[in-house]
Amino acid sequence: MAAHNSEADSEIALNVRPTEDEHLPALLESVNKQASNRHIPRIPSNEAVGMFTQDEHLGTDSNNKVNNLNKVSSNEPSNRGLGLDEASHRIYLNHAFEHTDETVLEPGHLWHQSDEDEHGDHESYSDDKVIIDRPIYSQDGFEQGFGAGSLSSRTIKDWIKSKVRCDYSWQCVRKIISHHLPFLAIMKEYNVRKDLLADVIAGLTVAIMHIPQGMAYGQLASLQAVYGLYVSFFPVILYFFFGTSKHISIGTFAIISLMMSSAVTKGLQNQNVSLKSWNQTVDLGGGNVTFKIVDNKEDIDRTKLMLAMSVSFVVGVIQFVLGLCHLGFLTVYLSDPLISGFTTGAAFHVFTSQIKHIFGISAGTYSGVLNLFYTYRDIFKNIPQTKAVTLIASIVCITILVIVKEYINTHPKIKPKMLMPVPIELIVVVLGTIISHFAELEVKYSVKSVGDIPVGLPAPNLNAFSYIPNVITDAIALAIVAFAINVSMAKMFAKKHNYSIDANQELLAYGTCNIISSFFSSFASAASLSRSVVQENVGGKTQVTSLVSSAMLLIVLLVVGPYFKSLPNCVLASIILVSLKGIFKQVFDLKTLWIISLSDFLTWVVTFLATVLLDVDLGLLVGVVFALLTVIAKSQRPYSCLMGQVPGTDIYRDISVYSVAKEVPHIKIFRFDSAIFFANAEYFKTSLYKMTVNPYDLKKIEKKLTKRQKKVDREMERSHPRPSSLQETNMDRREGSAIAVVSNQWDAVNSSTSAQSENTTVTDSKLPVLTDIHYIIIDCSTMGHVDSMGVKAIQQVITELNVFNITVYLSHCKAHVREMFGKTNFYKTEGKNYLFITTHDAVVNILQRLEESSRHSTREVNTEFNEIRLTSPAMEATHS
């Protein structure tokens, strides 16, 4: 390999934009003034070369512009200097030719026209340009000339210091308090006149939604409905103090309630707790009624509550610890397709869990693999026992909910005229309770109802966490899913309203909400998309909305709660089913994902199927693993290509994408669009050999040629028997000696073909004879890092190709890559002169070496051949 040293006088002259004639002298003077400060050679006005760096349309339409750029004065020989007319950097050696007073490219030769693109927009090209005149830089020469330093290494101690910057002054303590209590900053900027009324209206609206949803999702979590109201109260107040989002509505959420139900069910199975019941028929005068008598219902409800509280506590601890460790970035591993597929699959579980309430039948509760199939088995088995009144009530409720939600609340003409959406869920709950109470649906038609709702707030329970060791696995999945859902919603609203959220502070807020709420008979909370959208649409400005909502929930818990005793379960189930519509509509994302990205499409499908067929927590795990596998697969087999030069520029582009890009003769420029590490190091070698030169193929060719040569030699020996006379023997010896002399002389000529000049720091070996590829340049611009196995792969490539006299250059090596080279002693075996700062520097250096070697080898061949012909008797005899 060859590189330019500090004393070489080769220079590169280029510019990036055209300029007007009158601007050129002033521009050159400005550049020269800056160049003198860096000890860079001055640019004479008669050596300016016009170039451009980037044309947005490097296709066939660019040819005219490129040709304009390549116009050269007719007085200049086409092969002057290094003869690099097609090189994007004009190279010239000061001692190689005499400069004239004419510029290589007149500024007037550059284009001034305006092109019209396919959309009718006019694209104008500025007449301004920058001219750069510099030497060819190897990486080592560039670092020496410009004093490059090393990357600063950051230790764990430095990281801790950066996170703990408080000097315990009052300003520092106040800053920490403000950071961890965001409501202080929000309330400091709160405008009572503009914001209070909007927050009150939004708070009342959201509270109206909290009441039916809290009761419904409490039932979905396999708990009593009142515990859903607790989740709609305690976490909401706490998030006001610790949360950074102004618009999300914390409380119950269908997916989280379902996952809580799954955890509670598994806990009951692990504790071997089951219902002990029998049927009893009673004659009420108008007919016989069968009741299901359960002996241990209170014990089971108590166990369920303790399991739910244990799960919530562990979820809060996990989220709080993640926040303390600043691990909010972990949500990046939960991509949107993964979350979409997971929530859609979980919605099927939610839907299935409510069917029994819609039909008024009983079905077992299952968890684990294929639990949906067992549930549907029980449903179809018990369909004949459907209670007609329950089914009719469910159909009526679903119809009313759909009509109001779809044709009134979201109607484009009606919605703008309404102060707030019609609270149809609350209306259905109130009407259902009134009708059930006065019609005695539970007594006469066996319609199951919510039951007793205690008045007041629950007392803190510190003895309900005995099941913590049994629920850690479920709590981990629940904590991650809840955080991912919350943060995604918070970011959506923050982006819309132009403010920022802190993911780590959000983790601390969710953890605090769940930990404290778990002591007050609450299960894990999360943000609800439906409530958050309503809160934002109604005009909510800040989390003051949550205070208004909690105040109304408090009134319900203290006063109104017992009046919902007669509310049928089928009404709550209807509310849940209708609310799942938005989640089920995510199925239509598949069409877009199929068009955009196959990997995202597969991630959605795999996560969805795993969630439906296996279970909620297992589905999430499978989805995460599959998504990571797609990332690993992409990084293990990244895109690679050959680069070509855009004529007349220093730009190199993928030849399969840009038709105008042409490969430089005898040079292959290879780009590997990924870091090189242990997983893809072998693929890097395979791709490079496949696109450039495969040394293993060359070895096979060499073996075949050697085998063929030996065969020819044996045939020659058979056809020319050993001479009998001494004279013939001596003659053969002289001829053989002459042939040996010729062979040796030609070997010397081949060696001299690739010899370097005396002032070159690196000498090239012989040019390859089995391939016309003499050099390979590896463009490292896309390599963010290289590990030890990656370095070994690069070293192996260089070594294997050098065997066949193919030289490998590296360009655009980033600091991290060069640092790894230093740590692995790469420079001791390969040397720093293999590295160039740009691909064009490497190409120009190679072309310079090839031309110098060509001129030198031509002179050597002529001289040596004449000497051989004159001094060899065998050659003279042959010639005669």
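Note: Cβ is positioned from N, Cα and C throughout, glycine not excepted.
Bear in mind that TrEMBL entries carry predicted annotations, made automatically and left uncurated.
Feature annotations, reproduced from TrEMBL:
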TRANSMEM  196-215  transmembrane segment
TRANSMEM  221-242  transmembrane segment
TRANSMEM  305-324  transmembrane segment
TRANSMEM  358-376  transmembrane segment
TRANSMEM  388-408  transmembrane segment
TRANSMEM  467-487  transmembrane segment
TRANSMEM  507-527  transmembrane segment
TRANSMEM  547-564  transmembrane segment
TRANSMEM  571-588  transmembrane segment
TRANSMEM  608-633  transmembrane segment
DOMAIN    657-846  domain 'STAS'
REGION    707-732  region 'Disordered'
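A contact between the transmembrane segment (388-408) and the transmembrane segment (358-376) is present, since 3 or more of their C-beta pairs, 6 or more residues apart, lie under 8 Å. Long-range Cβ contacts of the transmembrane segment (358-376) within its own chain (Cβ-Cβ under 8 Å, at least 6 residues beyond either end) map to 222, 262, 265-266, 269, 348-349, 352, 382-383, 385-387, 389-391, 394, 446-448, 570, 573-574, 577, 612-615, 618.
Where the transmembrane segment (467-487) meets the stretches 221-242, 571-588, 608-633, the count of C-beta pairs under 8 angstroms peaks at 608-633. Residues 225-226, 228-229, 231-232, 236, 249, 251-252, 419-421, 423, 425-426, 428-429, 450, 528, 530-531, 534-535, 538-542, 544-553, 556, 564, 567, 572, 575, 579 of the same chain, all 6+ positions outside the transmembrane segment (196-215), place their C-beta atoms under 8 angstroms from a C-beta of that stretch. Listed stretches 221-242, 547-564, 571-588 were compared with the transmembrane segment (305-324); the greatest number of C-beta pairs under 8 angstroms is found for 221-242. Same-chain residues lying 6+ beyond the ends of the transmembrane segment (547-564) with a Cβ under 8 Å from its Cβ atoms: 199-200, 202-204, 206-208, 210-211, 214-215, 225-226, 229-230, 232-233, 236-237, 240, 249, 429, 433, 450, 452-457. When pLDDT is averaged over the domain 'STAS' (657-846), the result is 78.
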